[in-house]
């Protein structure tokens, strides 16, 4: 019994070391510009920009295939930060991709929900929990407010509630000029 346990532990150590070596040896380097652009985007994964998520949109911006003003959840502040990062001229938010709205979170009226799971399938960040023919609910901290769960609901039990500003959620609304150290 003890020898079998030692053999299993040795196998686990060898496989762990092999995986660690492979992760270092075969690392795929990403484009640092794409990572910087992606860090500025709001990570709502809403698709309002015409791309399936924030990372593909960041790649398109870096490759020059998309404009910097297509992200309504990022708002004017996001466009300003992207313009500063890329050295481009600021453009107002594109109206064809939507308008900037205050941050909102989805809520499900649990008395009306029929448990069809359509909202579960539509949520890009898995912020909705529930099972078939069971009540569903939204995990507030995970919800990005993308509104993709609202349209598929057959009984209209999902509504968007604006997030009230608290000490934890308040953000400075005005452009911030970064002060750089003199060389």
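Placement of Cβ uses the backbone N, Cα and C atoms for every residue, glycine included.
Of the residues proposed, 116, 123, the one Swiss-Prot records at the same [4Fe-4S] cluster 3 site as 143, 146, 149 is 123. Listed by Swiss-Prot as binding [4Fe-4S] cluster 2 are 113, 116, 119; the candidate from 71, 153 that the record includes in that site is 153. The stretch that Swiss-Prot tags with region 'Hydrophobic', taken from the ranges 1-23, 24-46, is 1-23. Other residues of the same chain near the [4Fe-4S] cluster 2 site, with their Cβ within 8 Å of the Cβ centroid of 113, 116, 119, 153, are 108, 114, 115, 117, 118, 120, 136, 149, 152, 154, 155, 157, 158.
It is 113, among the binding-site residues 113, 119, 149, whose Cβ has the fewest other Cβ atoms within 10 Å in the structure shown. When the binding-site residues 54, 71, 143, 146 are scored by other C-beta atoms within 10 Å, 71 scores highest.
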